[in-house]
Amino acid sequence: MAPPNRRGPPNRGPKPQKFSLKLLEKYFSKQYILSLVFDPRQFYVTAPIFLLLELVINYLIINRVPYTEIDWKAYMQEVEGVVNGTFDYSQLKGDTGPLVYPAGFVYIFMGLYYITDFGTNIRLAQYIFAGLYMVNLLLVFRLYGKSRKIPPFIMVFVCLTSYRVHSIFSLRLFNDPVAMVLLYASLNLFLDDMWTFGSVFFSLAVSVKMNILMFAPALLIAYIAILGFKKTILQLFVCGLIQVLLAAPFLLTNPVGYIMGAFNLGRIFLYKWTVNWRFITEELFVSRNFHLSLLACHIVLLLYFAPTWLTYLKSYCRLSVLESQVKVQLKKKEKAMLNTSSSSQLFLAPFFAANFIGMVCARSLHYQFYIWYYHTLPYLLWCTPYSMWTRLAIMGVIEMCWNVYPSTDWSSGALHICHLILLLGLVQTQSNVCKSIHDAEPVVSSTAATAAASEPSVEKKKKKHKNY
């Protein structure tokens, strides 16, 4: 007679109660909650919460805070001239003066002119700009998430504390947010290795407002370091072609009028609106020597940082190739775990720093210009060697300075002090990073060689590295 079967039923996996306890222990533990606050790898987990909060905040701002007319009516008057058949840029004007933005601005705001019943439906325009705000935030969050540089708690300050930024989008309807949305879209495309599409969006951003050119020095270095000289020429041709196509009706009518109006580098801003130079006299503010001094300072700083940015972007290129080689040999789950943050950080730092240098040396900053660098400030501060509390203090003082209206001697002075402290932090960091990169180059080279030897098709894939 066979012995009785003493074995129990087959193992069907963990019991539901044990599984639930494991989930509770994992996601409600102190360690996990702290990671949601401080760990940059958890950025994508917490970002949706802030996006939902932003939807509510923008809705409340639009419906509870009175709209303030500043430039919207003038924008509509300027594009109305084009609607009526005027293509001479020197003849296009609004209540605030002549049209001073490139052709892309005209087409985008002409579309808004028709959508908003010839510019009269302000509430609809506000909702459109609130949508732009959400798109801008999504694009910025994607850059933050890719870089794994910013701790999630910073989103509290980026999203919920800046009245000025919400006002620029939803209450003032400036063209600056449109340009920045296109700029952040181009940076996302560059990181995705879609260079021609990125160049198109970058050029579109320039065609809305000229301040985007402050990012151009870093882009030129990126083209040369990553694509080489021949493909750099091609990308520059793409950027130029977009400008020519958009401006064609105006260039055919009055080319000098268009270039002088849309790209007037000698334009002098009004002293009463300056945020950053209130502590100097108006006579000095409007003087040509003062403007030339700021331009010289801008050029010197760009030349000082350019070699470092070239090192960053060359290293980004090598790391990107290495990552693509390694991914070929990894399984799906392993690919998801591969940390590509280092290369993303090396790419973004030059762009954000180049724009910041432009802001430091700007001849005048108006209140709507805050959006030009607001979302890059946390990233730049976390690139410095300062403590967390010092970084937060700098962010707080900068926010306070931009919310003092009208600006005062102390608010503009404090803004310059914060800018200089941040600039010095970037200078201190760049030497350390470059040294680390040079020390790591032999390791990267040997790793790349090993990966190439173990994968026969890697060299072919490297040659076919997607640049378009």
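Quick reminder: no glycine exception, Cβ is built from N, Cα and C everywhere.
The feature transmembrane segment is assigned by TrEMBL to 43-62 (among others).
Taken from TrEMBL, the feature transmembrane segment applies to 99-116 (among others). Under 8 Å from some Cβ of the transmembrane segment (99-116) lie the Cβ atoms of residues 75-76, 78-83, 89, 92-93, 122, 124-125, 128, 175, 178, 204, 206-210, 243, 246-247, 249-250, 258, 261-264, 267, all in the same chain and six or more residues away from its ends.
Annotation comment: TrEMBL describes 122-141 (among others) as transmembrane segment. Under 8 Å from some Cβ of the transmembrane segment (122-141) lie the Cβ atoms of residues 43, 47, 50-51, 54-55, 58-59, 61-62, 67, 72, 112, 115-116, 155, 158-159, 166, 169-171, 173, 177-178, 180-181, 184-185, 187-188, 375, all in the same chain and six or more residues away from its ends.
According to TrEMBL, the feature transmembrane segment maps to 153-174 (among others).
Positions annotated as transmembrane segment by TrEMBL: 194-226 (among others).
Per TrEMBL, the feature transmembrane segment maps to 258-280 (among others). Within the same chain, residues 89-90, 92, 98-103, 210, 247, 250-251, 286, 290-291, 362-367, 369-370, 401-402, 406-413, 415-416 sit at least 6 positions outside the transmembrane segment (258-280) and bring their C-beta atoms closer than 8 Å to a C-beta of that stretch.
Per TrEMBL, the feature transmembrane segment maps to 292-312 (among others).
Sequence-distant contacts of the transmembrane segment (346-365) (same chain, at least 6 residues past either end, Cβ-Cβ under 8 Å): 143, 147, 149, 187, 190-191, 211, 214-219, 221-222, 268-269, 271, 273-277, 285, 290-291, 294-295, 297-298, 301-302, 305, 308-309, 312-313, 315-316, 319, 372-373, 376, 379-380, 383, 419-420, 422-423, 426. Annotated transmembrane segment per TrEMBL: 346-365 (among others), in sequence order.
Taken from TrEMBL, the feature region 'Disordered' covers 448-468.
Counting Cβ pairs under 8 Å to the transmembrane segment (43-62), the stretch among 153-174, 194-226, 292-312 with the most such contacts is 153-174. Below 8 angstroms of C-beta separation, residues 217-218, 221, 224-225, 346-347, 349-350, 353-354, 357-358, 360-363, 423, 426, 430, 433-434, 437-438 of the same chain, each at least six residues beyond the ends of the transmembrane segment (292-312), sit close to that stretch.
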